[in-house]
Amino acid sequence: MKKNQFLKESDVTAESVFFMKRRQVLKALGISATALSLPHAAHADLLSWFKGNDRPPAPAGKALEFSKPAAWQNNLPLTPADKVSGYNNFYEFGLDKADPAANAGSLKTDPWTLKISGEVAKPLTLDHDDLTRRFPLEERIYRMRCVEAWSMVVPWIGFPLHKLLALAEPTSNAKYVAFETIYAPEQMPGQQDRFIGGGLKYPYVEGLRLDEAMHPLTLMTVGVYGKALPPQNGAPVRLIVPWKYGFKGIKSIVSIKLTRERPPTTWNLAAPDEYGFYANVNPYVDHPRWSQATERFIGSGGILDVQRQPTLLFNGYAAQVASLYRGLDLRENF
């Protein structure tokens, strides 16, 4: 893609605009302006690499063994590893994009327990080693689109969620899948202090319809760039649903429960008119306070190289997933 050297001011400052708008939601939850501005040092750290300056590499995780199936490889330009692991939303560790990388080292990911329960014939529990050894791992290069209208392309490593669910044998009553993040206030400052964590109700919870969870694209993710996930990216295991906005990609999962009824989800509870259950990437359905028609791709350049590009329906995965929503009004079911 040819670089646009004549960026509009809105292209360069869009992140501050979107962050201020997200702050409006958090303010409605009772979070003060002072708290929302902390910590200021994170801004300087973040801007250092947006200006093209060198940053220390993300903490190295354990190297993983994985295959690279041709079906999941492509020629999309990758977002550099330091940006994938240095520009994150993980409010359990703070509101600024650099806070997770700065603060998530406190999260203990081994030992770890992931329980699969609910409407299943065979409930099961996985430990830390099971997450990387029980299923063949594969690298998948996926687009990632945040609801804040920025995007990345990331080489995730993991296994299809449907393989895990198949072991548990969902019953005929199972219609939805509910996910839950670890609740560990002593390790996650945002869970301990509502000002640091944006006033959200914790633990963070998410959900999918069962057919969405069983789709081949839906990935239980344990690594990135060839190594185990760093804590700020959701170690030791997170969800990636590439046709949905990033907040559906729940991190540091400890519970998967199959249910009869649609489960609650964190951002929908916080602002139901702004964050729907489905959260499918859709350039034709705007957020109430900003457009979703375009996005800023975070690539290898500095802030002056940031590109605005059209957002693709279902984030470019329409051919694979559009049939899941046949007959569903995507404006009503956003």
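Please read every residue number as a count from 1 along the shown chain.
For all residues, glycine too, the Cβ spot is worked out from N, Cα and C.
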Residue among THR125, THR171, THR181 sharing the Mo-molybdopterin site, where Swiss-Prot lists ASN88, TYR91, GLU92, CYS146, ASN233, ARG238, GLY249, ILE250, LYS251 as binders: THR181
Where the record names ASN88, TYR91, GLU92, CYS146, THR181, ASN233, ARG238, GLY249, ILE250, LYS251 as binding Mo-molybdopterin, the maximum Cα to Cα distance in Å: 19
